[in-house]
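> Right, I'll just put the structure down here and ask away after.
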Amino acid sequence: MILPIYVYGQSALRKPTEEIGPDYEGLKELIDNMYETMYNASGVGLAAPQIGLSIRLFVVDADVMGDEYEECKGFKRAFINPEITNKSQETVSMEEGCLSLPGINESVSRAKWVEVRYQDENMQEHEEKIEGYAARVFQHEYDHLEGHVFTDRISPLRRQLIKNKLNNIAKGKTACRYKTK
Ligand code: NI
């Protein structure tokens, strides 16, 4: 089932999120719905706050970028209760977009790699080092669980320059080809 994606201005994107346990009702179905919603919108990641749920869960599938970024090949995961246990001092700046901020693309500085711990859709525990563009996707989605969107991480000057665009999204004035809320 395709779910509406909450856009910039919705308080759900800013709320604290809670960890979930194996008894979380309908978890498998929820994850399926999140993948379907993400693919429908041509995204490579979708976090629970973007569909109005304040829980620590996101899905990614960056395989489509595999030709350009080797590390994205097969990078399809559900991350439940993820933690960043270590990250590189070295950062890389690259352009990002977000399904909750249609029409906005800005350069964001991110750690080059992250070491993470998380549970998968079967609640199996994993530890993984994620690098390159895959690390960027992870950090972007992880930010959503912390109530951040990528424009929080751009310079005040850049944010001022896109202020009208952001306001238009919040006012529902931005056209979008997928269902939003
Ligand atoms: Ni996003």
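Just so it is clear, glycine is given a Cβ too, placed from its N, Cα and C backbone atoms.
Remember, TrEMBL labels are computer predictions, not curated facts.
Annotations for this protein, taken from TrEMBL, read as follows:
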BINDING   Cys98, His140, His144  Fe cation binding site
ACT_SITE  Glu141  active site
> Once the chains shown are all counted, how many other Cβ atoms turn up within 10 Å of the Cβ of His140 (Fe cation binding site)?
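For His140 (Fe cation binding site), the 10 Å Cβ neighbour count is 23.
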> Can you give me the same-chain residues 6 or more apart in sequence from Cys98 (Fe cation binding site) with a CB-CB distance under 8 Å?
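Looking at Cβ-Cβ distances below 8 Å from Cys98 (Fe cation binding site), excluding near sequence neighbours, one finds Ile104, His140, Val149, Phe150.
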> If you draw a 10 Å sphere on the Cβ of Glu141 (active site), how many other Cβ atoms land inside?
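Within a 10 Å radius of the Cβ of Glu141 (active site) lie 23 other Cβ atoms.
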> Test of understanding: give the count of other CB atoms lying within 10 angstroms of the CB of His144 (Fe cation binding site).
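I get 23 for this one.
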> Please list, in sequence order, every residue of the chain apart from Cys98, His140, His144 whose Cβ lies within 8 Å of the Cβ centroid of the Fe cation site.
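Surrounding the site, in chain order, are Gly45, Ala47, Gln50, Glu96, Leu99, Ser100, Glu141, Asp143, His148, Val149, Phe150.
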